[in-house]
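Colleague: If you look up TrEMBL, you'll see 1-14, 168-179 marked as topological domain 'Cytoplasmic'. What TrEMBL records for 32-49 is topological domain 'Periplasmic'. Under the heading disulfide bond, TrEMBL lists CYS41-CYS44, CYS108-CYS134. The annotation transmembrane segment is assigned in TrEMBL to 45-65, 72-90, 149-170.
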Amino acid sequence: MWRALNQFSRSRASWLLLLLCVVGLEATALYFQHGQGLAPCVMCIYERVALFGVGTAALLGLIAPEEPFWRTLGLLAYGITAAWGLKLSLEHVSYQFPDPNQLFGPTCDVAVNFPSWAPLNQWLPQVFEASGDCSKVVWQWLGWSMPQWLVGIFSAMLVIWGLVVIAQFIGRPPRRIFS
């Protein structure tokens, strides 16, 4: 299993599959926003950026997956952005379902706060501008809100990432000193 996972991570198909998953998730988010009229909140936009980060990691891995440099760079970016997305999603869930024992629950910013060198909400407002309320549950499927689904998605991404990273060490083909 480890060797097969290692070999798969060295193929363009694995990185393309990751990229297609991200494109599908981003397309779904844009459908909910523009097709269903659900206004994204600040946390939704930050989670969207985290998904774009995973997509960027997939593009890095697609460059030359057989080369250790590009594969490692892609894996690092994938792990960091998926972990960041999980952190954001968990925070978003805490806004939607605050601790009833706290007098004041956590609150969300009213506007996105991107760095001055990358004002994504000004460059592409139809994708990165937020106008929704982070604490409102505006959509559910199978009893889970959208941020709860993202917790599951980012968690699954991190489990897969962890297995692939382990396979980089355990599933390596043996080195031959003498041919």
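Cβ atoms here come from the backbone N, Cα and C positions, even for glycine.
All annotation found in TrEMBL is predicted automatically rather than curated by experts.
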Colleague: Residue list, the topological domain 'Periplasmic' (32-49) vs rest of chain: Cβ under 8 Å, 6 or more residues beyond ends.
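Modeller: Contacts of the topological domain 'Periplasmic' (32-49) (Cβ under 8 Å, skipping residues fewer than 6 from its ends): 26, 85, 88-89, 91-92, 95, 108-112, 120-121, 126-134, 136, 138-139, 146-147, 150.
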Colleague: Counting only residues 6 or more past its boundaries, what in the same chain has a CB within less than 8 Å of a CB in the transmembrane segment (72-90)?
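Modeller: Contacts of the transmembrane segment (72-90) (Cβ under 8 Å, skipping residues fewer than 6 from its ends): 9, 15, 18, 43, 46-47, 50-51, 53-54, 56-58, 60-63, 65, 147-148, 150-151, 154-155, 157-158, 161, 164-165, 168.
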Colleague: If you count other CB atoms within 10 A of each CB, which of CYS44, CYS108, CYS134 wins among these disulfide-bonded residues?
Modeller: CYS44
Colleague: Where does the mean pLDDT land for the topological domain 'Cytoplasmic' (1-14)?
Modeller: 84
Colleague: Let me know how many other Cβ atoms fall within 10 Å of the Cβ of CYS41 (disulfide bond).
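Modeller: Around the Cβ of CYS41 (disulfide bond), 26 other Cβ atoms lie within 10 Å.
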Colleague: Work out how many Å separate CYS108 (disulfide bond) and CYS41 (disulfide bond) at their Cα atoms, rounded off.
Modeller: 9
Colleague: Which three-state DSSP class does CYS44 (disulfide bond) fall into?
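Modeller: CYS44 (disulfide bond) sits in a helix per DSSP.
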